[in-house]
Amino acid sequence: MQTRAVEGAYPLRMGERTWGPFALFGNCASAAVATWCFIIGGYVSYYLPAGKGSVVMLAGILLGMFLIFLACVPMGTRYGLEAVRSTKPQLGARGSYFTLALLFFSTLGWNTLLVIFCGRAGAEILIASGLLPEAARGATQIGVGLVALVVVWLLLRGGPAALRNIGPIVAISVLLLALFIIGLIINQLGWSAIADAEPSFASGDDLLDYTIGVELLIATALSWWPYVGAMVRFSPSTRSSMFPVLAGLGIAVAVVSFIGLYSGLAVPESGGDPTTYLVELGGLTFGLPALAFIMLANIGTTMVGAYAAALAFKQDPTIDRKLPWNVATGLALGATALVLIFLSTPFFDNFGTFLAFSGVMFGPICGIQIADFYLVRRQRLDMRSLYLDGPGTAYWYTGGVNLVGFLSLAAGVGTYFALLDPITFEAAGLFKYTTASLPAAAMALVVYLVLTPLLNGKRTESLAGTGRQQGTSGASVRGARG
């Protein structure tokens, strides 16, 4: 039963939540500090110089993490829930499968980016060492990426215990590597060259450029939504999760993204990716170990993404019984392998659009979760109905779908598009004062609060009278206090 809980559909009891603050921080940082930070920083370098960009990235990531923390952490720690099941109260028993699809495609995108970088780093090591010719670079990148996916699958055979043990080691190693690369870049290129470099696509409107930078980092933080629930469910309390989550997924990301910011400013053609010139800067002695650690970082992060996707697959009890853990992780990683082989170049070239769509979807999801958990249900959930479907259960609504939740999501998504086009990055005049993700989340929250008593009136009256959500048996299960 314990294995079924940690690797499948069952909630975790307090005795099964074995991750202390250090393990949680290690896995949060391991999930977050990977080479995608280079591209995030590189995008900010298009709009902001080094000093302003550094401050904006830290502010933006913490703003986004505030939403993620409110939406995911209390439910995850009190009830032992992962991301998909936590949306049952807002979207309905069947409606929550919408977030399963979002989670799968989000982790697929991030994992694809990671293995692309892993392949690039591995190919650079082999070519710089003289083991392979330059002509073999493309095939080598794909081959190394596929090997990395196999390594991740083998490591995940140990389940969450593997994450708990490996995550802190990877996190500390990568953070030290990040500081080393920052020092190497500053030492070799000179701080004045970095500080004086002008962003290549600045609009000329300082406030607009600031807001674009903030928006990119808010969207980055919101993209952790699929990951947070999978990790904090192993933590015994909300209070002990606060610093590990904010530091691991927030501050650490901003610091490592400085590499991409400084690289993009000093070497614009790099796009923020230092793997293209690390060997040239540090020589084989420094460049090759740095590239090797980049590969290690990506393997650690891909583990967390594949774990979150596999866990989401198994949230349906029927699928959970029929789908072994190793098959679930294999499906998650197999999809990544297909994208790596056939679509790696177009995906990499459109990463900015992928990142923006994280804000489009996950911002409104956070909005309705905050509204539902804190203001509608008063932090009480019906544990039975979270795990039992069918008419008469608390989260069945009509046909298993909560129309209020989806109307609220639509309002939030519409608000985002009204303020910012995530494909062209063309912004409305109001955008530079508000960002797009924050108003999208706020709109979804407000619409959810307005429509809930109108369309789900009886449920709302019951909640207002009792302060708890009733299940089929009339029992309410309160999670462990954070």
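From the backbone N, Cα and C atoms, a Cβ is placed for every residue, glycine too.
TrEMBL annotations: computationally assigned, not manually curated.
Listed features, source TrEMBL:
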- 462-482: region 'Disordered' (REGION)
- 21-48: transmembrane segment (TRANSMEM)
- 54-76: transmembrane segment (TRANSMEM)
- 97-123: transmembrane segment (TRANSMEM)
- 135-156: transmembrane segment (TRANSMEM)
- 168-190: transmembrane segment (TRANSMEM)
- 210-230: transmembrane segment (TRANSMEM)
- 242-266: transmembrane segment (TRANSMEM)
- 286-313: transmembrane segment (TRANSMEM)
- 325-348: transmembrane segment (TRANSMEM)
- 354-375: transmembrane segment (TRANSMEM)
- 395-418: transmembrane segment (TRANSMEM)
- 430-451: transmembrane segment (TRANSMEM)
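Here the transmembrane segment (325-348) has Cβ contacts under 8 Å with residues 7-8, 104, 107-109, 111-113, 115-116, 119, 141-142, 145-146, 149, 152-153, 156-157, 159, 302, 305-307, 309-311, 313-314, 354 of the same chain, all six or more residues outside its ends. Counted over residue pairs separated by six or more positions, the transmembrane segment (97-123) shares fewer than 3 Cβ pairs under 8 angstroms with the transmembrane segment (54-76), which leaves the two as not touching. Within the same chain, the transmembrane segment (354-375) packs against the transmembrane segment (210-230): three or more Cβ pairs sit under 8 Å, each pair at least 6 residues apart. Fewer than three CB pairs closer than 8 A are found between the transmembrane segment (242-266) and the transmembrane segment (286-313), and contact between the two stretches is not assigned (pairs 6 or more residues apart). With a cut-off of 8 Å between Cβ atoms, the residues of this chain six or more beyond the transmembrane segment (135-156) that come close are 115-116, 118-123, 126-127, 162, 166, 295, 298-299, 302-303, 306-307, 310, 326, 329-330, 333, 336-337, 340-341, 344.
Remote same-chain residues near the transmembrane segment (286-313) are listed as 7-8, 27, 30-36, 82-84, 100, 103-104, 107-108, 110-111, 114-115, 117-118, 121-122, 124-125, 128-129, 144, 148-149, 151-153, 155-156, 160, 162-163, 166-167, 170-171, 173-174, 177, 180-181, 184, 226-227, 229-231, 275, 278-280, 319, 323, 325, 328-329, 331-333, 336 (criterion: CB distance under 8 Å, separation of at least six residues from the stretch ends). Taking Cβ pairs closer than 8 Å, the transmembrane segment (21-48) reaches residues 56-57, 110, 113-114, 117-118, 121, 163-164, 166-172, 174-175, 178, 199-203, 209-210, 212-213, 216-217, 220, 224, 227, 231-232, 234-235, 240-241, 243-245, 247-249, 252-253, 255-265, 268, 270-275, 294, 297-298, 300-301, 303-305, 351-352, 355 in its own chain, all 6 or more past its ends.
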